[in-house]
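Visitor: If you scroll down you'll find the structure; I have some questions about it.
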Amino acid sequence: MLNSAEGILLCVVTSEAVLGVLGDTYIALFNCMDYAKNKKLSKIGFILIGLAISRIGVVWIIILQGYIQVFFPHMLTSGNITEYITYIWVFLNHLSVWFVTNLNILYFLKIANFSNSVFLWLKRRVNAVFIFLSGCLLTSWLLCFPQMTKILQNSKMHQRNTSWVHQRKNYFLINQSVTNLGIFFFIIVSLITCFLLIVFLWRHVRQMHSDVSGFRDHSTKVHVKAMKFLISFMVFFILHFVGLSIEVLCFILPQNKLLFITGLTATCLYPCGHSIIVILGNKQLKQASLKALQQLKCCETKGNFRVK
């Protein structure tokens, strides 16, 4: 049974997951409908569709594993459920982080303007950057899956051994380290590009700060808003992996459901928060969402009149 604090946090986690799935579903559907209408898909549209779909899968895996750990922990130590969850998690989590890294790089190369020769070279070769990152993703999968299979097979072989109970936690840590090794590169690249874009926008805002004309004042507000979105993304992104680390530690520490659910809460903030950031930061997505909300409000008003 859960105490009141654990129950409240679990409700928060579930709400975050539902909002994240709804937000990503909306992003994916909007871009798919835009592609069906215009018969053309931009790089950003492709990345947003891939990011939304992969992140929906990641959220479901996080919630599934979280609920199993809270209510049915014995299921993770018996049968093949751990193996299935691990394989799906590695595939979807790597893919999700890869898509968000591509999105950050694309915005960075599109918006920022540095005189650095490396930056200028990258800006002229955006497609080459995507190909390189695709190669990194495939390499990450090729390195992770064989090693992960070996670890899981060793775990199965020793599971009936009584001494294995004490070693299982060490194997679990090794397993988690190996399966997440491939995404460290993408995480670092994503955070660096966000930080550099924030630096560029901050310098640009500071340069325009002395000019208070209408256009420049509006441009400054847009830049400040973009900086807030980027900082929010970085906070959510870091909290996501901090939460995952807490969840991993809870498998080797004495059982502490409150700490584990706290980790889940931090983990689910990113998919929920970033989907909202993407919707608010994209003009077309924002306008379409506002129209949808207005239509829902009108339908609700008409329904109230009919009841009366």
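Along the chain as shown, the residues are counted starting at 1.
Backbone N, Cα and C define each Cβ position, glycine as well.
Values in this document were obtained by computation on a predicted structure and should not be read as measured data.
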Visitor: Quick test of your reading of the annotation: per Swiss-Prot, do Lys43 and Ser289 share a side of the membrane?
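Guide: Going by what Swiss-Prot records, Ser289 is on the same face of the membrane as Lys43.
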Visitor: Which stretch from 44-64, 181-201, 233-253, 259-279 shares the most C-beta pairs under 8 Å with the transmembrane segment (8-28)?
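Guide: Comparing 44-64, 181-201, 233-253, 259-279 against the transmembrane segment (8-28), the winner is 259-279.
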Visitor: Limited to the topological domain 'Extracellular' (254-258), I'd like the whole-number average of pLDDT.
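Guide: In the predicted model, the topological domain 'Extracellular' (254-258) has a mean pLDDT of 77.
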Visitor: For the transmembrane segment (181-201), name the stretch out of 44-64, 88-108, 259-279 with the most CB-CB pairs under 8 Å.
Guide: 88-108
